[in-house]
Amino acid sequence: MCPLRSLLLISTLVLLHHLPHLSLGRSLPTTTASPGRSCLDYSQNLLRAVSNTLQKARQTLEFYSCTSEEIDHEDITKDKTSTVEACLPLELATNESCLASRETSFITNGHCLASGKTSFMTTLCLRSIYEDLKMYHVEFQAMNAKLLMDPKRQIFLDQNMLAAIAELMQALNFDSETVPQKPSLKELDFYKTKVKLCILLHAFRIRAVTIDRMMSYLSSS
């Protein structure tokens, strides 16, 4: 029989992957920083930061159709990463009958796992999360550069969110092997940029929830 925790995790990941209309909900409790912060700490910090940024955008851009019901949902990681599939619990990813299978250990440079050793599937999961973060970080930085040129100076990206992305990427500590990403925004249209900001923030919050769930699962394994 499949472990209940694994089944709950995969159900959550699939739900987040297919249901983009998630509400912001209540703010998460503040995580106390410590010298040896784990990736779970960083993922919780990221989720708080993107939730706060999205909430601010919805308030500031209330006339830009910035709610989850109004936007056209888009996933910039589609066909580029496979985080939901890569982050399946090992017993579900490698054996349909959910029987325990042998794990091959790999040494990782990051400090997401205390031992420094992790299975091949977990390494794939963490690398996919890293690539997701990298893509969103590049996109948000390019978008913020354009927003800074807006004469109205209506909204800018919260530097706390950009810092939270960078911190988790640094904690994961993977060398990216993907082709350098080019931001999708090409024209200097501030209205379209703000609409795109809403779309990306909604998508990124969903991904941040998925990442936080996965880090929670790994930290308790």
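Each position is counted from 1, following the chain as shown.
Every residue gets a Cβ built from N, Cα and C, even glycine.
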Candidates Cys2, Cys39, Cys66 - disulfide partner of Cys198 as recorded in Swiss-Prot: Cys66
Partner cysteine of Cys87 (disulphide bond, per Swiss-Prot) from Cys39, Cys112, Cys125: Cys125
Proximal residue to Cys87 (disulfide bond) among disulfide-bonded residues Cys39, Cys66, Cys198 (C-alpha distance): Cys39
Nonlocal residues around Cys125 (disulfide bond), in sequence order (Cβ under 8 Å, 6 or more apart): Thr83, Ala86, Cys87, Met214
Integer Å distance between the CA atoms belonging to Cys39 (disulfide bond) and Cys66 (disulfide bond): 30
